[in-house]
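Features reported for this protein in Swiss-Prot:
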BINDING   41, 45  Zn(2+) binding site
ACT_SITE  44  active site
């Protein structure tokens, strides 16, 4: 590690898949709670900008931090990738604090589309932030348009809070030119922020929360010490369902359970709690996990590998200390219990966006009962499973990967998906067969619409036939379908579903994946969507496209008028309580020969 004079920490990471990775501690959306929810996420969207023909980049905003990364598509553009990332924060050698010329309205519309996308496909439920005084979703909504002047002022104030000790930078190759670039940019930040916000996060004590969730969970507050953090790192290498969360200066250890009785058993037997360490701690963590450690715990001033000896030599004492801390916290009711619930009518609380949930006080006296050893899911050697697109279980595997992204890595291939994981076969089967997980994976059916209409355009089945089997993912491979698409004079079909989206088939002699990528970024800049998915069809220069959007009419008009599209057949879905597919007529759209 190289420590710049102002406290910025720079780590060379030769094996990293990114060229540069920047983490900003104490810069997440929990800072919005006393001010205006959504400012942090809006700032992230405004800052990141890049040439997608030369680079791949992304950014994220979490509760306590922000992170940004960039990677060049060609090796000769490595230094340019670093310069691009630096330009997000510095312009002409000075920190960016003036946002008077930024078209904030379009960015806010993009945030609303992202909320809609995440709410349709996932359940956006940030329980700790809600209990601390925020909302269940804190990424920004259209209501920010009502306070544009205040938003611009807050964006500048937020940037002026950047300070050297809160910045962590990973670089794949730390050349003299790269180091000089970082020194004359991030190295010029002050050691202390110009303003220190009065973050007002309420205390959380003895709560049970019922929300849509794939697992039962316990969030137990422990002392935020280096010993407890190292103990959690030890546990994470042994157990799948152990992790941590931070809220301000507080540290929570999280435990997830497949079955309710295992969650109850953990609380009943916490006095006899004994964790089993891994034979050897290897620190085989992703770049994202390591970055999250540094930005969540700014007092980590050494390379993580420097703690490797301590993690192995003192793992057992570290775990014993954490166990005692957990017992004390349970006795003092410093915990949150999460129970999965999928009933929209069962609630007694709501946030400012009208998200509803049930919040109760925990009554541990009711937990008295016979001892039971909680079911543990220990990590196994890395394994892979391949699931074809026609397999009815595909949706379950996808839902599993989305629910546990750190434990399972999903990769889309031409004929199916490959899931890399560290579970035993019995453990994975038990999780996917559990009643709670099944309810969770079926509770957000909007993700299926992409495949429902892909099947409609690429197979011989009618919409009625496809809808009868919507719970089983489409059993076909679009690349193998040789049906000839015949575009009718009527190029648009209006339907009513539970979601708002645009999808269909586009054809044009110059249409390509690169062109669709350019279209996605143009639509994002206009604030019309968050993401555009596309699938190459069998016919030449023909693509199936799909996009969730709260502005489906504008997205459709863009594709209908796009010069690269010579023919199109689109479905525009408006949101409604009763689904109506009556406008779709297979024989009009597709002729199978």
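The backbone N, Cα and C atoms fix where each Cβ goes, glycine too.
Around the Cβ of the residue listed as 'active site', 24 further Cβ atoms fall within 10 Å across all displayed protein chains.
For residue 41 (Zn(2+) binding site), applying a Cβ distance below 8 Å and a minimum sequence separation of six or more within one chain yields 29, 61, 111, 138, 139, 140. Residues within less than 8 Å, Cβ to Cβ, of residue 45 (Zn(2+) binding site) and separated from it by at least 6 positions along the same chain comprise 59, 107, 110, 111.
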